[in-house]
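*Asks:* OK, TrEMBL features for this one:
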DOMAIN    9-154  domain 'Vitamin K epoxide reductase'
TRANSMEM  73-94  transmembrane segment
TRANSMEM  106-123  transmembrane segment
TRANSMEM  135-155  transmembrane segment
TRANSMEM  167-191  transmembrane segment
Amino acid sequence: MPRVRPTTSRPLAALLTIGGALGLVAAFQLTVDKFVLQQNTIDGKQTSLGCDFSAFISCGDVMQSDQGEAFGFPNSIIGLIGFSVVVTLGVLLWSRVELPAWVRGGLQLGVIFGMTFVTWLQFQSIYRLDRLCPWCLVVWTVMIPMFVAVTSWNLRDWRPENPVSRFLENWTVLVVLLWYVAVASAVWFHFGDRLWA
């Protein structure tokens with residue numbers, strides 16, 4: 001008799017709740033900082049934000065770029081909405097609520113969109129803007145494991161015999177670590193010692 005897999009997962013619940021909360025804090029702070037920048041522009045003031053550490057590590061420069069408003073409004077608003085949903089679903093999973101298939105499908109679409117958008121923003125930030133935003137780095141850091149873990153969880157139940165499903169289930173942590181190494185390498189090889197200037 002085949003083993004029945006649970007459709008709730010405590011580790012995934014913890015990741016979604018904690019990672020979503022960290023992403024929500026970052027999105028909230030970016031939104032507040034955006035309002036501060038806009039108010040200072042109206043008042044004619046030049047102000048640096050708490051996350052402006054150097055010429056290359058600066059939230060303000062990134063937020064004031066066209067890429068900071070990819071859809072015509074601050075990107076952080078997408079984060080406020082998306083991470084609120086993620087935290088809610090994480091708490092539900094932690095409470096052992098079995099999510100309907102359509103909710104899991106929606107979560108999968110959400111993390112695919114989120115990871116695609118984050119990857120585009122990583123490229124833009126590193127290679128086009130030549131700046132890193134500390135709060136954005138928090139979002140990058142939590143999106144990678146959430147994307148990999150949610151995808152692994154869904155594939156495990158939707159396509160359990162698929163080789164990709166088995167690979168992700170067995171090597172989730174390794175995939176996340178390698179992804180981190182790839183992003184960190186891109187940052188290091190592009191900026192090098194300039195990061196600390």
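Placed from the backbone N, Cα and C atoms, the Cβ positions cover glycine too.
Any TrEMBL annotation is an automated prediction that lacks curation.
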*Asks:* What are the DSSP helix/strand/coil residue counts across the domain 'Vitamin K epoxide reductase' (9-154)?
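*Replies:* The composition, in the requested order, is 113 helix, 4 strand, 29 coil.
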*Asks:* How about long-range neighbours of the transmembrane segment (73-94): same chain, 6 or more residues beyond its ends, C-beta under 8 Å?
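*Replies:* For the transmembrane segment (73-94), the list is 8-10, 12-21, 23-24, 26-28, 30-31, 34, 63, 67, 103, 107, 110, 114, 117, 121, 139, 146.
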*Asks:* Suppose you look only at the domain 'Vitamin K epoxide reductase' (9-154); what would the mean pLDDT be?
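*Replies:* Overall, the domain 'Vitamin K epoxide reductase' (9-154) comes to a mean pLDDT of 94.
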